[in-house]
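Trainee: There's a structure below that I have some questions on.
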Amino acid sequence: MPRELTQNRIQKIWVPTKDDRRRAGGAPHFANPPTVIVMVGLPARGKTYMSRKLTRYLNWIGMPTKVFNVGEYRREAVKNYSSYDFFKPDNECAVKIRQQCALAALRDVRSYLKDEGGQVAVFDATNTTRERRDMILKFGEENDFKIFFIESVCDDPSVIASNIMEVKVSCPDYRDCNKTEAMLDFQKRIECYKKSYQPLDPDQYDRDLSFIKVIDVGRRFLVNRIQDHIQSKIVYYLMNIHVQPRTIYLCRHGESTDNLKGRVGGDAGLSPHGKQFSSALARFVEEQQLKDLKVWTSQLCRSIQTAEHLGVPYEQWKALNEIDAGVCEEMTYDEVKEKFPEEFALRDEDKYYYRYPAGESYQDLVQRVEPVIMELERQENVLVICHQAVMRCLLAYFLDKSADEMPYLKCPLHTVLKLTPVAYGCKVESISLNVEAVNTHRERPEEVKRGPGTLIRRNSVTPLTSPESNIKKPRIDDLDEAPIQELPPSVSALALCSPSHIPLTLPGQHWLGKVCLT
Amino acid sequence: MELPQLEHTRLRRHDSAASVPQFCNSPTMIVMVGLPARGKTYISKKLTRYLNWIGVPTKMFNVGQYRREAVKIYKNFEFFKPDNEEAMKIRKACAAAALKDVALYFTKEQGQVAVFDATNTTRERRAIILSFAMEMGYKVFFVESICDDPEIIAENIRQVKFGSPDYADRDIDEAMEDFTQRIDCYRASYMPIDDEKDRKLSYIKIFDVGSRYLVNRVQDHIQSRIVYYLMNIHVTPRSIYLSRHGESELNLLGRIGGDTGLSPRGQKYASALATFIKGQKIIDLKVWTSHMKRTVQTAEALGVQYEQWKALNEIDAGVCEELTYEEIQENFPEEFALRDQDKYRYRYPKGESYEDLVHRLEPVIMELERQENVLVICHQAVMRCLLAYFLDKPADELPYLRCPLHTVLKLTPIAYGCKVESFFLNIEAVNTHRERPLNVNITRNPEEALQTVPDHI
C-alpha cells in the first residue's frame, strides 16, 4: 500500500505524511561519504585562493564545506614568526610543531565531517611530500572519507612574485617587515620546500589516486580518476575560474510601473524614473571606460528595456528572470496578506526555503542561477541587469552570505554594485545613480525567531557562509585530553620562540588511531 | 530617445534569443585524434548528439565514409599501408573533400560546430587542418583518445567494426585479423599530440576510456562544456528506464498541467511498475521523480528510495495551466495556433517552451550520463525531451514523440546508438497525445484547431 503524501507547507514538497524529517532539496543529494579535498603545492601557488573560492562555491550550492588551513594552526602555536629559518628541513623542533599542527587540523577535519554535519573539508597545506600525503590517505581510509587532491603547479616567476605581493606580504607573519624584506624572506621559504617536493605522479606512484593537477594557473589540467558527482563538479569549477583582473557590475532593472504600485513579479515596463535610471546607467557605463563589457539581462521586459538604453549588444538569460511568485504574481503584499494569510506568514518564517504555491523559492533560484555563476566565472567584465531576488542570490555567492541572510540582502533600485576580486575575496562598491525610486525591500519581521533551527539539514541546498576557522577560538578550551606541555628547553633557546609565548604541544596521536608521529 | 515598441513574441525567430545566450562566435572544429578502434567515432557521434540537443548546430564528418565513397570495394588492410602511394593519394583527397564540406556547413548551413572524425595521427595531417582553420577563421579543439588495453580494443572491434560495410562479406576471425593489421599500419607513423611542441593548441587527451584526462588551453564556453561532457560520459553497460507518472485525475478530464494525484488506474499502474521493475532484476537502480504529486505517488509504490528533481517538473503552461484544449481554443485561439506553428519554440504566456525545457533538463542529462541504472518517472513533455536526446531526434520531431501513459521505455546503449524497448504494462489509460492539426493558421476555425484533440471526460 503506497504511503499517504502531504505537501510540506513551506517548501511545497510532497513527502510521505509520517516522514516529516525528509527534506528534499531542488535536486538529489549526491555526496554520500564525506570528502576531504587535499591541496598540494609549493607556497604561493594559489592553494589558499582555490581553497577559499571552492569552499564559497560549494557552500553556495548547498554542500557544507570548510577550509582547514594548517598555516593558521602554525601561527597559533608559534605566536611570533621570526624568519624563514622556521621552515628549514633540518629545524627539528619546527618540523615537530608543523607535524602536530597538521594532525590537529586533521582532528578538526574529522570532527567537522563526523559530528558537525560537514560534507566536504578542504585541507589547505603544502602537502608536498609523499610521506605527508600517505598519512592523509590512511586517515581517510580509517574514517571512510573520500580523498581528492588538488595540486597547483606553477613555475612562472612573475605569477609567483605577484601572488606573494598580493597575499603574503600583508600576512600576519610579516606584520613587522617592509615589503622587500617580506618578499625576500618568503622566497627563501619557498626554497626550503623545493628540495623535498614530490609532485603527484600520475604514471606510477599516484596513478590510483583521484586528483587534478592545475598547471600554470589553469592553462593546463591533468585529471585522474574522478570518483563521483561532487568531484566532477569541483573539476568543472576549477577549470572555469581564472585570475584575470576584472569587474562585475550588478544592478536591477530601472523602476517599473509595477514597482510603483507595490506589485510583485509580473512583466511590466519601466516607469519614467526607471527610464531616467537607464540613461544614467548608460552614462555610468561609459565613464567606467571598460574594454569589452558584456551586458546580460533577463527575459523580462523591464530588464531588457533598461539594457536597450545602453546602446550596446546584450544577451538575454531566462535563468535571470525574477523569482516566480506563482499564485501571488502581480499582487501587492497587502493583497497577498489578505488572500493568502497563511502563505504570507510562512514566507516570513523561512524566506529562503519558502516556495510560493505554483512558484519558486530562493532555494530554487540558487539552482536556476548556477549556470550564470559558472559563466560569470569564465567571463571578464560583465554588467548583469536583473531583479531583486536574483541579485540577492548572485550577491550571496560573491560575498559568501548564508541562506539565512540572502533573502534580506539590500539590493535597492537604481544602485549599481561594483564587485572587484581582490586577494582572497571581493571588494564591493555601492554606487547610487541618484535617480529616485520606490523602496522594495522588506525587512525580516521582528516577531520571527531567527536561527537555523531544524531547517538546515545535511545535504539540502542551503547556502552556508564559509565557516570561520577553528583558530579564532582559543585552543586551550579544546584540549580536554592531554595536558599542556612545555617544549624542551632547547627549543626556547631558539630565537623564534620568545619566552612569553610557549607553544602548546598539540595532542595528535590518540585521535588519529594508528597514524604515527614521526 | 524613443524606445522601440517591445513586442512579446513568444514564437521566436530562429536566430533570436533562446533561453540562454548563444556563445559561439567563430565556428569550431573538433578534430579527433587516435589509432583505429579507440572510440573516436563513438565520441564524435555522442558529442554531436549532445551539442545538437542543447541547441548548438553540429555535424559530424567521418573521413572513412568519404573513403568508402571513393573506393567502392574494400579489399584488405593493404590499402592502409604507408607505402601504398595510390591509396595515400585517395586518402588525402578524401580528407580534403571532407574539409571542403566543413567549410560549406559553416558558411551555407549555419553550422556552429563540425566534428572531424578521422585518425589524424600524424603531425603533418594536423598541420594541414590547423592551417585550413586559420585561413577560414575557425577555432580548433583536438580530442585525442589513447588506449592500450587489448581487451577494450578487442571489444570495440567486435562492437562496431564487424558491422561496418568494409567487412560485410567476411567472417569474424578474418575481419579481426585484417583490422588488427590495419591498426598496425597506422601505429608506425602515429605521433600523439605532444605536450611540449603542441602546448599552444587547445585539446583534451582521454586516457583509457576516461580514467585520466589532460586538458590544455580551453579557449571558450563551448570548449569548456565539451570537456565537462567528455569527462562525465562512460561506457559501462547499463539501462535507463523512462516512464511517465500513472494516469492522473486531470489526465482523465483532458486538462493539462496542474499538480493532482493519481486516478485509480494510475494507482494500478504504479503497482504494475513495481512488479515490472522487480522482474527486471536491476542491480543498484536509482529512481528519480519530479516534485509533482503524481510522479512522487508513482514512485512511492515501488517501495524503494527515490530522489526528487524540480528540473523534472512538467512544462509550465503558464496561463493555460489546468485548461482543456477546448478551453485554450476558446480563450486563447491565437496562442493555440501559434503553438501548432512551432511547438518546439512556442512559450506559453507566463510559462515555458520545449526549448526552455531542454535547458532546464541539461543537468539531468549530465547526471544520467554519470549514472548507471536509472528509472526516471516524469511527464509527457519532459520525457519527449529526454527521449529526443537519447534517440537523436531533431527539434521539430521532439514535441510529437509518442510517450503514452502506462508505458515504460527501456534504453540500452549499444554500438553507436541506443536500443529502445517499449513495455506497455496493460493498464488502460487515456491518450494524451495531440498530433499537429492540418490547419495551423491563426484564422482557422475551432473545429480545425480541435481536430486532433484526444478523447476525455
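Every residue gets a Cβ built from N, Cα and C, even glycine.
Predicted automatically and left uncurated, TrEMBL annotations should be read as such.
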Trainee: B:ARG244, B:HIS245, B:GLY246, B:GLU247, B:SER248, B:GLU249, B:LEU250, B:ASN251 bind substrate in TrEMBL, but which of B:ARG199, B:ARG212, B:ARG294 does that record place at the same site?
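Mentor: Of the residues offered, the record points to B:ARG294.
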Trainee: Any same-chain residues 6+ apart from B:ARG244 (substrate binding site) with CB under 8 Å of its CB? Would you list them in sequence order, or say none?
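Mentor: Result: B:ILE377, B:CYS378, B:HIS379, B:GLN380, B:MET383, B:CYS403, B:PRO404, B:LEU405, B:HIS406, B:THR407.
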Trainee: When you average the Cβ positions of B:ARG244, B:HIS245, B:GLY246, B:GLU247, B:SER248, B:GLU249, B:LEU250, B:ASN251, B:ARG294 for the substrate site, which other residues in that chain have a Cβ within 8 Å of that mean position?
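Mentor: Neighbours found: B:THR260, B:GLY261, B:LEU262, B:SER263, B:GLY266, B:LEU405.
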Trainee: So how far apart do the substrate binders B:ARG244, B:HIS245, B:GLY246, B:GLU247, B:SER248, B:GLU249, B:LEU250, B:ASN251, B:ARG294 get, largest Cα to Cα in Å?
Mentor: 14
Trainee: Helix, strand or coil for B:LEU250 (substrate binding site)? Use DSSP.
Mentor: helix
Trainee: How many Å lie between the Cα of B:ARG294 (substrate binding site) and the Cα of B:GLU314 (active site, proton donor/acceptor)?
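Mentor: B:ARG294 (substrate binding site) to B:GLU314 (active site, proton donor/acceptor), Cα-Cα distance: 11 Å.
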Trainee: Write down the Cα-Cα distance for B:GLU314 (active site, proton donor/acceptor) and B:GLY246 (substrate binding site), rounded and given in Å.
Mentor: 14
Trainee: Going by C-alpha positions, which of the recorded positions (B:HIS245, B:SER248, B:LEU250) is nearest B:GLU314 (active site, proton donor/acceptor)?
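Mentor: If we rank B:HIS245, B:SER248, B:LEU250 by Cα distance to B:GLU314 (active site, proton donor/acceptor), first place goes to B:HIS245.
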